[in-house]
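Visitor: So TrEMBL lists these for the protein:
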type: TRANSMEM; residues: 44-66; note: transmembrane segment
type: TRANSMEM; residues: 132-152; note: transmembrane segment
type: TRANSMEM; residues: 182-198; note: transmembrane segment
type: TRANSMEM; residues: 205-233; note: transmembrane segment
type: TRANSMEM; residues: 239-258; note: transmembrane segment
type: TRANSMEM; residues: 303-321; note: transmembrane segment
type: TRANSMEM; residues: 328-346; note: transmembrane segment
type: TRANSMEM; residues: 352-369; note: transmembrane segment
type: TRANSMEM; residues: 376-398; note: transmembrane segment
Amino acid sequence: MAAATMLGVSETGQNPAAAAAAQERGWFVAARGRGAVRFSGREWAAALVVVAVGTFVRVLVLGVLARANGESLAGLLGKWDARYYTEIARVGYFHADIPTDGPVYENSLAMFPGYPLVIRAFSFLGLPEAQVGMTLNFFFTVVLAAGVMALAARMGAGFAARIAAAVAVTSAPMSIVFTMPYTEALFGALLIWALVALSDKNWFLAAVLIFGLSFVRLTAIDAVLCFAVMVAFNAPRQWKAWAGVVSSALPLVAYLAWSSHYLGEVGGYFGMQNKHWHSAFDFGAATVAWVASVLGTSDNAGYLLSAVVIVGAPVLVVLAWRRLPAPAWVFSAALVANILLSDGIMHSRPRLLLPAAVLFIPWVLWLCARVRPPVAWGLLACWVLAGAWFSAHMLAVFEWAI
């Protein structure tokens, strides 16, 4: 109990009154939390420190492994999809200097326009696109960390436990992409605050944030689905809420239609995904076959790490049932299903599943409620180091795309 008190959570990791109220209303019926937890400068300062320390550790570990493997740190941070995004920001979809075995746009149009447009908007800084992207991503990750703290606060967590939750989410395996010119930091920043808005029944704010999210990644569809589920359970007769759901998906639908216009020869956007990355819905057949093969015969650490994440993700979804605010659980379950029930590049799954890292929050709060603070922070430090090594290995040692 002493540890729980010091870390600012109850023994269950939840506010008892809020938990009882949620039980009465039903888990999917969001509690209106606006104003219950006011964000102050202290919260933002804590988020900034969490991200600064985590980024330093991840870059340091990556630098060590880069040197050990004869790679440059800058080269690794600009690897794989980072080159796509920075090239699109620099010259657009049709003139990007990217490796391809066909027309450039058949590969470049896989990337949604939101993040390249943001990089382009900050080109006035006079920095190379990669540096602009990395700088922006640092601040996007701070916004993500603050959002995790806000979500944890709605679960009854005290200040220290909220910080612990932010550490866990922003230092998850493959969190190095929060530093690279990848979309995960922007996507995570918009997503986490959309989940907070949905928890608060703030339909307008949720619509605005998910609208922005729909410019960034295809998996924004999982946030739209989450929005629809929450409205169905909380405001089924409010036409404004449903209008928010529909409008939030418009950028996603518009981009799919626009890109498919240029990709007609390969079957549109999804045909292009299937041609170049074997990405297609197959009810999980390819995922199961790949995991079985890797766990049974592979000695490649990158494959094994990816398989562990793939197996662990649905387990975390099941264990988080009724332990997370409903919007966070619904989104995570939808994302995990979306990714694991499809074929595609299996060793990219740890990165693609990164937005579901909110599934760790209940267990961080549980830990904070049951162990002494030095033990809790020691375990979190190990988590940060493990996530940094995982990220560095997949970039500096593993030879295939993340």
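In case you wondered, yes, glycine gets a Cβ from its N, Cα and C as well.
Whatever TrEMBL says is automated annotation, not expert-curated.
Give me the structural setting of these features: burial, nearby parts and distances.
Guide: Packing against the transmembrane segment (44-66) from elsewhere in the chain are residues 72-73, 75-77, 138, 141-143, 145-146, 149, 159, 162-163, 166-167, 170-171, 175-176, 178-179, 384-385, 387-389, 391-393, 395-397: each is 6 or more residues past its ends and has a CB under 8 Å from a CB in it.
Long-range Cβ contacts of the transmembrane segment (132-152) within its own chain (Cβ-Cβ under 8 Å, at least 6 residues beyond either end) map to 37, 39, 43-44, 46-48, 50-51, 55, 77, 82, 85-86, 89, 115, 118-119, 122-123, 125, 161-163, 165-166, 169-170, 178-182, 185-186, 188-189, 192-193, 195-196, 199, 325, 328, 358, 361, 364-365.
Tertiary proximity for the transmembrane segment (182-198) is limited to same-chain residues at least six positions away from its ends with a CB under 8 Å from its CB atoms, namely 30, 81-82, 85, 111-112, 114-115, 118, 136-138, 140-141, 143-144, 147-148, 150-151, 154, 205-206, 209-210, 212-213, 216-217, 219-220, 223, 226-227, 230, 325, 327-328, 331, 351, 354-355, 358.
Among residues of the same chain six or more beyond the transmembrane segment (303-321), those with a C-beta under 8 A of the stretch's C-beta atoms are 173, 287, 290-291, 294-295, 329, 332-333, 336, 339-340, 346-347, 349-350, 353, 356, 359-360, 362-363, 390, 393-394.
Outside the transmembrane segment (328-346) by six or more residues, the chain places 28, 151, 191, 195, 199, 219, 221-223, 225-226, 229-230, 273, 277-287, 290-291, 294, 303, 306-307, 310, 313-314, 316-317, 320-322, 352-353, 355-356, 358-359, 361, 400-401 with a CB less than 8 A from a CB of the stretch.
Residues 3-4, 7-14, 148, 151-152, 155-157, 160-161, 164-165, 167-169, 172-175, 177, 184, 187-188, 191-192, 195, 219, 309-310, 313, 316-317, 319-320, 323-324, 328-329, 331-332, 335-336, 339, 376, 379-380 of the same chain lie 6+ residues outside the transmembrane segment (352-369) yet bring a C-beta within less than 8 angstroms of a C-beta in it.
For the transmembrane segment (376-398), the list of distant contacts is 3, 7, 53-54, 57-58, 60-62, 64-66, 68-69, 71, 76, 79, 164, 167-168, 171-177, 300-302, 305, 347, 350, 364, 367-368: same-chain residues at least six beyond its ends, Cβ to Cβ under 8 Å.
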Visitor: Near the transmembrane segment (205-233), which residues from the same chain, at least 6 beyond its ends, have a CB less than 8 A from one of its CBs?
Guide: 26, 28-30, 112-115, 117, 183, 186-187, 190-191, 193-195, 197-198, 241-245, 247-252, 255, 326-327, 330-331, 334-335, 338-339, 352, 355
